[in-house]
Amino acid sequence: MTVYDWLIEQLVSGRARFRLIDHPPEGQTERASELRRHPLAQAAKCLVVRVATGRRSRRYVLAVVPGDRRVDLDGLCGMYGGSEAAFAARDVAERLAGSVSGSVVPFARHPELDLVVDPELLVHDEIFFNAARLDRSVALDTDDYVALARPRVEPITQHSAAWPESARRKTA
């Protein structure tokens with residue numbers, strides 16, 4: 001089963017409020033947001049990060065942040081008690097995510113992948129992301145996303161200082 005098929009099955013079986021958006025193939029968050037016609041802050045930018053946690057040990061994190069933010073690699077490193085954090089090699093990221101770069105979904109299916117979402121993304125009623133395809137996206141109700149994905153919610157952007165109150169309500 002493809003990640004796309006798995007995603008749709010999860011959304012339908014979970015009775016999520018979502019819609020599909022077809023558009024020309026695009027993997028860059030800014031351009032995809034323009035094609036989908038929504039504010040960049042509502043885009044779920046998904047990045048696979050490798051955190052060195054010991055001499056020969058590491059953790060992989062699917063970091064999901066608003067499209068207008070950058071991942072705080074040092075913050076992720078500290079969260080995991082690591083010595084270094086960096087974006088995973090493209091082939092590793094694609095293997096763990098099950099889809100090509102630019103189409104990674106904000107759900108962690110692989111057992112080696114931890115899902116961490118920045119609370120600033122969750123303040124919106126709806127989030128947008130490519131649906132494991134470059135030519136199709138999902139607009140998903142944020143409460144339904146949290147219920148289905150069950151992410152760890154932590155401030156992981158360079159601008160995150162505290163949880164917005166509306167994000168606290170969604171994760172309670």
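For all residues, glycine too, the Cβ spot is worked out from N, Cα and C.
Some features that TrEMBL has for this protein:
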- 23-146: domain 'YbaK/aminoacyl-tRNA synthetase-associated' (DOMAIN)
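For the domain 'YbaK/aminoacyl-tRNA synthetase-associated' (23-146), the model's average pLDDT works out to 94.
Look at the domain 'YbaK/aminoacyl-tRNA synthetase-associated' (23-146): DSSP puts its residues at 36 helix, 40 strand, 48 coil.
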